[in-house]
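Taken straight from TrEMBL:
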TRANSMEM  12-33  transmembrane segment
TRANSMEM  64-84  transmembrane segment
TRANSMEM  105-124  transmembrane segment
DOMAIN    144-235  domain 'CAAX prenyl protease 2/Lysostaphin resistance protein A-like'
TRANSMEM  200-217  transmembrane segment
TRANSMEM  224-244  transmembrane segment
Amino acid sequence: MEPRERRLFGYETVLVLALSLGASAVSALISFIGSVTKPGGLKDQSANLNTSAAPGRPWLDLSWQLFGVTTALVPVALVAYLLVREHAGGLKAVGFDLTRPRFDLGWGTAIAAAVGGSGLLLYLGARAAGFNLTVVPESLPDVWWKIPVLILSAVQNSVVEEVIVVGYLLRRLGQLGWTPMAALAASSLLRGSYHLYQGIGGFIGNAVMGVLFVLLYRRWGRVGPLVAAHALIDIVAFVGYALLAGKVSWLPTG
C-alpha cells in the first residue's frame, strides 16, 4: 500500500469512529467521570437505556424512537459505501450478508447463550461490589409498540457495533500495518470504552466480550454470527427487563 493511500485509510478510520462509536466512547467516559465524582455509590445511580423521547405522546414518541434507530445505522451505510469504493464487495467483505443464515443464527444463538448468562452474573456481581451503576435497559411507556421498538433497538445496536468495531476496524487496522494483537486490543478496548457509562463492570465485561468476538471473527471471517449473538443478548436484556422488572427480587431496578 502506498503511503498516501495508507494516510487516507487512517483519516477515514478516524472519521468513521468519530461519527459513531468513537464518539460514544468519549461520551461514555464523560458520563463515567460524572458518576464517580457524584456523591454516593455507583450502584445507587442508574444508567438508562431506551427511554421515552416524548412522554405522554405515544405517536410522537414512536416517531422519535424510529428516527433514532434509523439515524444510528447511517455509519454502517457509510462503511458499506467505503467498502464498495474499495472494490471489496461492500459489507460482504466483513461477512455481513445472507449467504449463510443457518450458520450465522446457529452460532449466534450458541454464543448468546454462553455470553449472556456470564454477562448477567458479572453485572450483578459488579453492582453488588459497587463497581457498576444500576442499568435500566428500558423505561418506555406501556404501549403497543414497546416490544417491537426494543427489538429494533437491539438489532440496531448489534449491527452498528459488530460491523464497525469488529469487521471494519480490524480490516482497516490490518491495512494500516497494525499487528493482530494490537488490533485485537484496540477493538476490545473501544468496545469496553463506550460501555463505561455503566461503570467498571460494564467496561471489563464488554472488553472481554470484545476479545472473544475478535477471535471468532478471525476464525470465521464473518460478523454475521456476532451480529446475531449480540442482537439476541440485547433482546433478552431489553424485553426481559420489560417483562420482569419489579416482579423478581434478583433484578435491580432504577
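If you go along the chain as it appears here, the first residue is 1 and each next one adds 1.
From the backbone N, Cα and C atoms, a Cβ is placed for every residue, glycine too.
Automatic, uncurated: that is what TrEMBL annotation is.
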Helix, strand and coil counts within the domain 'CAAX prenyl protease 2/Lysostaphin resistance protein A-like' (144-235) (DSSP): 80 helix, 1 strand, 11 coil
Long-range environment of the transmembrane segment (105-124) - Cβ separation under 8 angstroms, sequence gap at least 6: 132, 135, 201-202, 204-205, 209, 212, 216, 220, 224-233, 236-237, 250, 252
Taken over the domain 'CAAX prenyl protease 2/Lysostaphin resistance protein A-like' (144-235), the model's mean pLDDT: 98
